[in-house]
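K.L.:
Got a structure for you, questions after.
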Amino acid sequence: MRLSSAPPMLLAFLGIALLCAMDAAIKLGAQSHAIITVTFMRYFAGALIALPLMLHFRKAAFSRDALQGHAVRGLVIAGAAYLFFYGLWAIPIAEAIAISFIAPLLVPLIARVLLGERMRAINIAACLVGFGGVLVTVTGQVSLPTPNRTEGVVAVLVSAVLYALSVVLLRQRATRDDPHVISFLAAAFPALYTAPFAVFAAPLPSPGTIPLFALMGALGTGGILLLAFAYARAEAQKIVVLEYTALGWGALFGWWVFGETVRAQVVLGGAIVAAACLMAAWSGRRKALPA
């Protein structure tokens with residue numbers, strides 16, 4: 001079955017599963033390598049996979065304006081990824097994913113500041129509800145406390161802010177640049193920025209760890225492509241509901257690979273944040289419908 005003919009909901013479901021599997025691979029790599037090394041290798045591998053796809057579709061030409069725009073966005077992506085990967089290392093996967101759900105709620109606020117977009121009251125309310133969900137997520141007794149838990153929670157929160165900023169910056173480029181160009185530059189620039197730091201981080205990747213890093217790149221690129229096909233063929237309001245299956249996938253991979261358990265507060269907090277996101281999304285859809 002070709003991707004172009006597959007049901008978009010199925011593509012989104014599988015795409016999210018691949019990205020959550022990538023999170024597990026990243027957490028595994030972070031146990032034996034510096035976070036900066038994992039960040040570099042994830043995007044370096046992703047760029048190596050995205051480059052031939054871009055060349056195959058003959059979309060290799062990009063303007064100076066595109067390079068400048070994606071250079072800035074790439075720096076934001078690198079920061080967001082490093083902090084999120086640190087969070088994956090420090091706290092359970094499902095908890096990191098639940099906290100990161102707040103990112104979509106921050107997009108309207110950042111778009112208001114950078115793009116002058118009008119921010120509706122429902123977005124402000126959703127933001128407050130979502131933040132309440134995050135507070136619920138991080139409360140309660142942890143079964144396996146780690147010394148870096150607080151830093152991990154803060155890292156994921158800051159990562160969510162940077163990720164929301166990267167989404168706003170993408171809006172400025174999405175109508176000008178081809179998706180294959182965007183996919184390549186979104187991996188190439190973070191790899192470029194993190195390379196100088198990764199070179200001096202010990203230990204350097206050994207030949208035996210290359211398959212794991214290649215897997216990160218393949219899972220990341222595959223997940224993003226599946227989601228791109230899904231969003232191209234279905235309304236965002238339909239696909240966005242499946243984004244929250246990431247909590248289930250994260251819990252599954254965390255339990256299977258690392259023996260992590262999911263606290264009730266994580267499920268409840270994730271549900272609150274997801275509900276806030278859906279509240280904002282569906283409100284926007286109702287406003288867009290003709291009277």
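Placed from the backbone N, Cα and C atoms, the Cβ positions cover glycine too.
As annotated by TrEMBL, domain 'EamA' applies to 9-138, 152-280. Feature annotation from TrEMBL assigns transmembrane segment to 40-58, 70-91, 97-115, 122-140, 152-170, 182-204, 210-232, 239-258, 264-282.
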K.L.:
Could you break down the residues of the domain 'EamA' (9-138) into DSSP helix, strand and coil, giving a count for each?
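P.N.:
Once the DSSP states are binned, the domain 'EamA' (9-138) shows 109 helix, 0 strand, 21 coil.
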K.L.:
Averaged over the domain 'EamA' (9-138), what pLDDT does the predicted model reach?
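P.N.:
The answer is 86, the mean pLDDT of the model over that range.
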